[in-house]
Structure formats: C-alpha cells, structure tokens
Amino acid sequence: MGKIIFYDDRNFQGRSYDCMSDCSDISSYLSRVGSIRVESGCFMVYERNSYMGNQFFLRRGEYHDMQRMMSMGMIFDTIRSCRMIPPYRGSYRMRIYERDNFGGQMHEVMDDCDNIMERYRMSDWQSCHVMDGHWLFYEQPHYRGRMWYFRPGEYRSFRDMGYSNMRFMSMRRITDIC
C-alpha cells in the first residue's frame, strides 16, 4: 500500500494530511500544499479536484517545495487531488488508434516509445485500449511536457475526455515498484 503526506508549508512544515488511497479533494484537509513526502508507492497528483487538470507523477521521495517540483517538470503550482498507482508486476500492452472509437491505423505497443511519430509514422492518435499495465503519456517527444496517467481500460475518444487540443507524442510504462 502507498502512503503520501501533504504539508501546507515548504520543508514539511505546518499542518499535514496523510493519504493512503485516492483523494478527490485535498482542499478538504489543507488549504494549500507546500511540500510532499511519498513514503511508499507511486502517486499521480492533479491540479484540480476530482483528478482533473494537469497531472504529475511522484515516486517515493521528498519534495521539499513546489518551486523545486516545478523545476522537475511540473507545470502547475496547486495540488487538489491525488490518485495512488497500484503495484503492478506483469506485462505491458496497449493498442493505439489513429481515430476515435478505435478507428483507423492501429499499433500494438508493449514498451516505452520516446517518439510516436518516428516509430509508428502517426502524427496523432485519438483513442487507445490499455490491456495491461499502467502508462504515462506525454505531450512532447522524449517524455517531456505535460503528462497523463492511463490505467487498464478502453479510452474511445481523447476529445470526449477533454483532451481535444492534445497530441500525445511519447509514452512510458510505469515500471517503478509502486
């Protein structure tokens, strides 16, 4: 089981909130998050309540202040919800599709891909089916830019999920011991 502790000030000072599962509204416990300690497991933190907005992946470690987290690639300064990524030790497999509802060109993916356009000759893809494993998708090649967490399931339309202007350009398996 994972455990993440949110503090309302930098350097683990002030009030804290211990979390060992998903939390859709951290603001119920703290008015702001200034630092984070992940004692075990892996988590996605979200800019808005109910797992909405920009996302950032956290593994076990200490995150002393939001400014440091922003220098690591996090592009937002407010954390309102978090989701625990369950431990997983199996194979990784997904299918990506050029169009909504699993239409158009399809490719099966089983490993990390630092540049989807180069490897698969796809400038864009609009749906996917994650069969096995947990994945991070990135808006730029080489695992840069904003990221999104995808767990096993069918994702028929990125546009319907609120990603209408989004292009995923690289993807990585979450292989950490979460």
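All positions are counted from 1 along the displayed chain.
Including glycine, each Cβ sits where the backbone N, Cα and C put it.
The residues of the domain 'Beta/gamma crystallin 'Greek key' 1' (2-40), classed with DSSP into helix (H, G, I), strand (E, B) and coil, number 6 helix, 16 strand, 17 coil. Residues or ranges marked as domain 'Beta/gamma crystallin 'Greek key' 1' by Swiss-Prot on the basis of sequence analysis: 2-40.
The feature domain 'Beta/gamma crystallin 'Greek key' 2' is assigned by Swiss-Prot to 41-86.
Among the features that Swiss-Prot reports, region 'Connecting peptide' is placed at 87-91.
What Swiss-Prot records for 92-132 is domain 'Beta/gamma crystallin 'Greek key' 3'. Counting only same-chain residues 6+ beyond the ends of the domain 'Beta/gamma crystallin 'Greek key' 3' (92-132), those with a CB under 8 A from a CB of the stretch are 141-143, 150-160, 167-173.
Residues annotated as domain 'Beta/gamma crystallin 'Greek key' 4' in Swiss-Prot, with sequence analysis given as evidence: 133-175. Mean predicted confidence for the domain 'Beta/gamma crystallin 'Greek key' 4' (133-175): the pLDDT average there is 91.
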